[in-house]
Amino acid sequence: MSAIESVLHERRQFAPPAAVEKAAAISGMAAYRALAEEAERDYEGFWARLARETLEWRKPFGKVLDETNAPFYKWFEDGELNASYNCLDRHVAAGLGERVAVIFEADDGTVTRVTYADLLARVSRFANALKKRGVGRGDRVVIYIPMSVEGIVAMQACARIGATHSVVFGGFSSKSLHERIVDVGATALVTADEQMRGGKTLPLKSIADEALAMGGCDAVKTVVVYRRTGGNVDWHAGRDVWMHEMVANESDACEPEWVGAEHPLFILYTSGSTGKPKGVQHSTAGYLLWVAQTMKWTFDWKPDDVFWCTADIGWVTGHSYITYGPLAVGATQVVFEGVPTYPNAGRFWKMIGDHKVTVFYTAPTAIRSLIKAAEADDRVHPRSYDLSSLRIIGTVGEPINPEAWIWYHKNVGQARCPIVDTWWQTETGGHMITPLPGATPTVPGSCTLPLPGIMAAVVDETGQDVPNGQGGILVVKRPWPAMARTIWGDPERFKKSYFPEELGGRLYLAGDGTVRDKETGYFTIMGRIDDVLNVSGHRLGTMEIESALVSHELVAEAAVVGRPDDTTGEAVVAFVVLKRSRPEGEEAAALAKTLRDWVGKEIGPIAKPKDIRFGDNLPKTRSGKIMRRLLRSLAKGEAITQDTSTLENPAILEQLAEVR
C-alpha cells in the first residue's frame, strides 16, 4: 500500500473565524497541541480525567485500561453507571428539565418539541413497560423503526434497564432484518405500522412480520408497534402490542439499572467485505464518554446551540450524534423524519432557518445532490433562505471532494462557518480525525488531524510508518475508550478484520488508504483499501479520480470503480451524473472524451477512465450512500446478484447497465 499515489494537491487553506476561535473550548492550535501532548505524556491519566469530568458514575472506576487480553481491551472496567441517567436524569436534576431536548419535524412539516423532563418520563414509562414484558439486563432488543422521538425513546429505554439494543435501519429488507434478529438472539422487537419518507409510506410492520416468519426467531416474545400512520397491520395476539397502549398506565419514574462500564450498550450491524454483516458491539462508558466529548470538541457545543445531525438512527452517526452524544451534554437538537428533497430540495435550508440551527452535520452525498438541485433552480438554492444562525457545519460518512467542500463553505456556511470534515467509522464509536472549529486551519477535502488522544498513523503493508506525502494504510496505534469491543458472537473475525497479524496484531486497521501532507501532516482519506485501483502498476485512490471529475463544470456527481483489464491489470470505470440532462449517442461519446482528457490533465494519463457512463443518478441506499459494489458488478458486465433491498432507486441499475 506504500505505493498508493496521492494525487490531491489542494493548497487552499481557511483559518478558523476569529469569533469562533475566541469562544471555542479548544481555542487555537496551541491549545490543541497541549491536549495532544497531555495524552502522549500520560495516556491513561488523560482518559481518566475526561471520564471523570464528562460522565456521572454510580461507582467510580479505579483501573483505567486493561490490555491483558489485547485486542479485547477494557476501559474503566470496575466503574458503574447508566447511559440513560447520563443523558436524561442528571440534566433534569441540574434544573434543565424544561430545556427542549428534541425539536422533531415530521415528513409533512409538523413540528413537536420535547423537553428533557418529557423525554425522561417517556423513556421511564417505556422502560417500565418493557420490564413487565420480561425484558431486562443482558437481553437484546431489535429496533426497526422510522426516524422518530419514539425511536430515541426505545433506545434510551433499553439503556435504562440494561438491555442491549440493535437498531436496524428502516429501509432494510425482511431478509436483512431476519438475519440480524437471529444473529443477535433478540427477545423483543420494536417497530412501527409504517414509515413516512418523502411523502411515501413503507410497511415496516409487514416487513417485520415477514422476517419473524422466516424461522429461528422463537425467542422474540414481544413485538412493540409504534402507530405512525394508522395504516392497517396484521396482528398476532399475545405477541404484538401497541406502544401507546403499553405505556398508558406506566409510572413516569424508573430506577436506572446500574451496569459495569463494559456492559454492551448496543450492537450495530455493518457490512463486511465478505460474508454476513458484522454485529459491532460497543461498551457503555467508553462509548458515551467519547460521543459526549466530541460534541464539546468537534462541534464546540454551547448550551444555546441548536444542533442538527441529518443522519438516521439506524446508522452509527444517528446513534452517536442523535441518540447519545447530544443528550449526554444536554443539547437541544433537531430530529427529522423526512428526506432533503421533499417537498423540494430546499427542505434542509428552510429547516435551518425555521429552527435557527447553529451546528449542522450532514453527508457529502446529500450536499452533492443539493448542489445539483440548487444550480438548476434558484428557488432551492441556499441563498434563498435565512442561514444566518449557522456557526459550524460538518460532513460525515465519506470523504468530501474539494469542489463540494468549497460550495458548502461558500453557500451554506456563507464563508464564515468552519467545516468539520469528520473521519470515523461504526467501529470507532465517534470522531477520530477532524478539524476543531476554533483551532484547525481547514483544507478542502482533508479531515486534517487526529483528535487529542487518538494515535492515528499511516503505515505500509508490514505496519511500518510511511513518510508524509507517501500513501499507505490508516491505522490507530493505541486503544481508545469508544472503540468496538468485538463482533457479536465472532471474536476471531474481530481480530482478523481489525487487528490483523500482518500488521503485528496490535494496530487497529481502519481499511482506508490515506496520505499525510508533507508540510502540515494533515490526513487525507483516499478511499477504502478495496476501492484502491491498480492501473498499470500504479495505485490510485478512487476519491482522487472522482474529485477530478466533479471539478469539471458540467459534472454534479461521480463514482469510480475498477474492472479487470487485459492490458493494464485494472481499468478505471466512471459513472457520472451531469448538472444537465443525460447525453446519449454521439453527444455522450464526445463528452466522455472531454472528461477523459480532463482527468488526464488534472491527475495524469494513467488515471483516465477507460469507460465513462452517464446516468440520471447513482445507485444509493436510502441513507444516501453510493452502493459501489453494485457499480463494480455493472462495470464488469455482471448480473446484479447482491441484496438490493436498501437501494433507493432500483431503476437506475437498468439505465447504467444499458450504457456502454
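Glycine too: its Cβ is placed from the backbone N, Cα and C atoms.
Taken verbatim from Swiss-Prot:
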type    : residues                                                                                       : note
BINDING : Arg197, Gly198, Gly199, Lys200, Thr317, Ser536                                                 : CoA binding site
BINDING : Gly397, Glu398, Pro399, Asp421, Thr422, Trp423, Trp424, Gln425, Thr426, Asp512, Arg528, Arg539 : ATP binding site
BINDING : Val550, His552, Val555                                                                         : Mg(2+) binding site
MOD_RES : Lys625                                                                                         : N6-acetyllysine
Fewest neighbouring Cβ atoms within 10 Å: which of the binding-site residues Gly198, Gly199?
Gly199
Highest Cβ count within 10 Å among the binding-site residues Thr317, Thr426: which residue is it?
Thr317
If the Mg(2+) site is taken as the center of the Cβ atoms of Val550, His552, Val555, which further residues of that chain fall within 8 Å of it by their Cβ?
Glu403, Ala548, Leu549, Ser551, Glu553, Leu554, Ala556, Ala558, Val576, Leu595, Trp598
Nonlocal neighbours by CB distance (under 8 Å) for Pro399 (ATP binding site), same chain, sequence gap 6 or more:
Pro364, Asp421, Trp423, Gly445, Cys447, Thr524, Ile525, Met526, Gly527, Met543
Taking Cα atoms as reference points, which of the recorded positions Lys200, Val550, Val555, Lys625 is nearest to Arg528 (ATP binding site)?
Lys625
Which chain-mates of Thr422 (ATP binding site) that are at least 6 residues away have a CB under 8 A from its CB, listed by sequence?
Thr298, Gly394, Thr395, Val396, His431, Ile433, Thr434, Cys447
Residues that sit under 8 angstroms from Lys200 (CoA binding site) by C-beta distance, when 6+ apart in the chain:
none
Who sits close to Val550 (Mg(2+) binding site): which same-chain residues at least 6 apart have their Cβ under 8 Å from its Cβ?
Arg368, Asn401, Glu403, Ala404, Ala556, Glu557, Ala558
What same-chain residues, at least 6 away in sequence, bring their CB to under 8 Å of the CB of Trp424 (ATP binding site)?
Val396, Gly430, His431, Met432, Ile433, Thr434
To the nearest whole angstrom, what is the C-alpha distance linking Gly198 (CoA binding site) and Gly397 (ATP binding site)?
22
Cα-to-Cα gap, Gly199 (CoA binding site) vs Thr426 (ATP binding site), nearest whole Å:
30
Measuring Cα to Cα, how many Å separate Thr317 (CoA binding site) from Thr426 (ATP binding site)?
8
Quick check: of the recorded positions listed here (Arg197, His552, Val555, Lys625), which one has the Cα closest to that of Thr426 (ATP binding site)?
Lys625
Given a separation of at least six residues and a C-beta threshold under 8 Å, show me what packs close to His552 (Mg(2+) binding site) in the same chain.
Leu595, Trp598
Check the DSSP secondary structure of Gly199 (CoA binding site), expressed as helix, strand or coil.
coil
